[in-house]
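Worksheet: one structure, shown below.
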Amino acid sequence: MSLIKKKNKDIRIIPLGGVGEIAKNMYIVEVDDEMFMLDAGLMFPEDEMLGIDIVIPDISYVLENKEKLKGIFLTHGHEHAIGAVSYVLEQLDAPVYGSKLTIALIKENMKARNIDKKVRYYTVNNDSIMRFKNVNISFFNTTHSIPDSLGVCIHTSYGAIVYTGEFKFDQSLHGHYAPDIKRMAEIGEEGVFVLISDSTEAEKPGYNTPENVIEHHMYDAFAKVRGRLIVSCYASNFIRIQQVLNIASKLNRKVSFLGRSLESSFNIARKMGYFDIPKDLLIPITEVDNYPKNEVIIIATGMQGEPVEALSQMAQHKHKIMNIEEGDSVFLAITASANMEVIIANTLNELVRAGAHIIPNNKKIHASSHGCMEELKMMINIMKPEYFIPVQGEFKMQIAHAKLAAEAGVAPEKIFLVEKGDVINYNGKDMILNEKVNSGNILIDGIGIGDVGNIVLRDRHLLAEDGIFIAVVTLDPKNRRIAAGPEIQSRGFVYVRESEDLLREAEEKVREIVEAGLQEKRIEWSEIKQNMRDQISKLLFESTKRRPMIIPVISEI
């Protein structure tokens with residue numbers, strides 16, 4: 001059945017996130033005068049983003065054109081896809097489309113952030129068709145590590161614009177995790193104009209190990225454990241959590257969760273029937289010590305680096321609930337991102353030092369939730385797109401995916417490597433990338449949205465690395481003299497007792513600068529402060545090779 005509704009003219013595709021990074025998915029598709037947002041995800045901060053809680057895409061372009069926005073279409077319930085939805089809805093009105101579980105998780109996010117706003121939610125599935133003025137939109141089931149994942153298909157007169165979301169192919173999975181390859185093939189036969197596809201594992205050869213094989217090998221590994229077993233995984237990896245529950249039941253072990261991030265999403269999914277949990281399998285973490293060590297499994301969960309951080313604290317005996325003991329076994333069911341590799345290596349060393357046995361994480365007992373090379377080529381061959389846009393990955397992953405598309409038969413000149421804010425235009429004849437819109441990161445610090453910029457981050461780095469140096473002086477401007485001070489206060493810069501000579505020298509330098517400023521015909525406070533910053537910075541760098549943040553404080557009587 002053809003879902004083409006009318007003859008279209010102009011198409012624009014704009015990534016606002018999810019390119020050059022593995023997170024923060026957000027893609028804008030405009031067909032004539034209608035705009036559609038595909039996913040609205042967040043990113044957890046990188047190490048250098050000191051004090052930042054989360055990062056979301058800059059949606060200033062969407063806000064400038066909000067009357068055109070017809071809806072937010074979500075592929076699955078991970079934070080990379082839905083984490084920014086509540087922030088978007090604070091700034092504009094738009095209906096939200098997603099699977100039953102995804103919508104439930106969005107509602108929970110809105111509730112957690114105390115956003116009391118009437119939102120139009122539409123629950124969609126593999127059979128849903130949403131009709132708009134210029135296009136029709138349908139969906140197809142995909143496989144990911146969370147149930148009810150979907151791909152989105154925007155039907156235009158030029159063919160379908162297909163957004164895969166995050167996916168892999170696994171014939172061993174059924175029910176809420178099963179892909180609808182038949183529906184994908186139908187879309188491919190109807191004609192795919194543009195394929196926008198997940199690039200996360202585009203550099204990994206072959207296929208993922210099927211999940212039924214993973215569970216079999218996990219069972220064999222866990223069955224050999226004689227003491228307490230701790231499994232570390234992301235709270236969002238529902239497949240892995242279900243597998244641990246299955247194995248625990250077979251081994252007659254109780255299961256307890258360690259980590260707050262799992263509680264809300266797990267409880268929602270459990271109530272909706274997405275988890276199969278044998279009776280009396282779960283116990284509170286506070287009751288673990290009531291059971292023999294060989295009768296429990298602890299699942300340490302969290303978002304991003306939280307599970308690894310928890311293990312590190314446990315290994316150093318700094319965790320407030322549980323610590324690693326001699327004879328514990330630990331399994332990390334985590335795919336290490338580039339910025340996590342060093343942290344994980346250090347944590348493994350800490351665990352071994354604390355007496356833990358590490359169950360090796362290899363292809364037999366762990367699989368990615370993203371398609372590897374052959375799975376990505378399979379999607380391309382099923383869809384047979386005219387144009388191809390690799391997304392959801394670092395730039396090197398996008399390039400690797402572009403090469404796979406060329407191998408699968410897509411003309412190289414019809415493959416677009418895009419960055420945030422790039423605009424791909426199609427006017428009925430040519431597809432060109434010749435425009436850019438505002439894009440970037442919005443940093444969330446506490447309840448502040450976008451009020452932390454690069455200057456603030458620079459200052460935080462300065463404070464973290466070199467400390468702070470405060471010079472306080474009280475002036476009597478009427479009599480042009482120093483009434484009190486200078487007084488020097490330092491934090492995180494030098495140990496005061498061992499640097500008394502340097503601090504006295506700094507006090508004298510401040511006195512010289514201030515007294516010179518007081519002799520001027522017109523006293524310029526800003527100029528005096530800047531001279532203090534410049535000259536004190538030079539003095540301190542010559543003595544210590546460090547540049548603390550210098551704050552001059554001048555008060556008057």
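Yeah, the Cβs are placed from backbone N, Cα and C, and that goes for glycine too.
Straight from Swiss-Prot, the features:
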BINDING   His76, His78, His144, Glu166  Zn(2+) binding site
BINDING   His366, Ala367, Ser368, Ser369, His370  substrate binding site
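Overlay of Swiss-Prot feature records on the structure.
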residue : record                 : contacts (Cβ under 8 Å, 6+ apart)
His76   : Zn(2+) binding site    : Ile82, Ser99, Thr102, Thr142, His144, Ile146, Asp148, Ser149, Leu150, Gly165, Glu166
His78   : Zn(2+) binding site    : Gly41, His144, Ile146, Glu166, Ser236
His366  : substrate binding site : Ile214, Ala333, Ile334, Thr335
Ala367  : substrate binding site : Lys168, Asn208, Thr209, Pro210, Glu211, Ile214
Ser368  : substrate binding site : Lys168, Thr200, Glu201, Lys204, Asn208, Thr335
Ser369  : substrate binding site : His144, Ser145, Glu166, Lys168, Asn237, Ile239, Thr335
His370  : substrate binding site : Glu166, Phe167, Lys168, Asp198, Thr200, Glu201, Gln392
At a 10 Å cut-off from the C-beta of Glu166 (Zn(2+) binding site), count the other C-beta atoms across all protein chains.
28
What other residues of this chain sit with their CB within 8 A of the center of the CB atoms of His76, His78, His144, Glu166, the recorded Zn(2+) site?
Thr75, Gly77, His80, Ala81, Ser145, Ile146, Ser149, Gly165, Phe167, Ser369
Cβ within 8 Å of the mean position of the Cβ atoms of His366, Ala367, Ser368, Ser369, His370: remaining residues of the chain near substrate:
Ser145, Lys168, Glu201, Asn208, Thr335
Other CB atoms within 10 A, centred on His144 (Zn(2+) binding site):
29
Using DSSP reduced to three states, classify Glu166 (Zn(2+) binding site) as helix, strand or coil.
coil
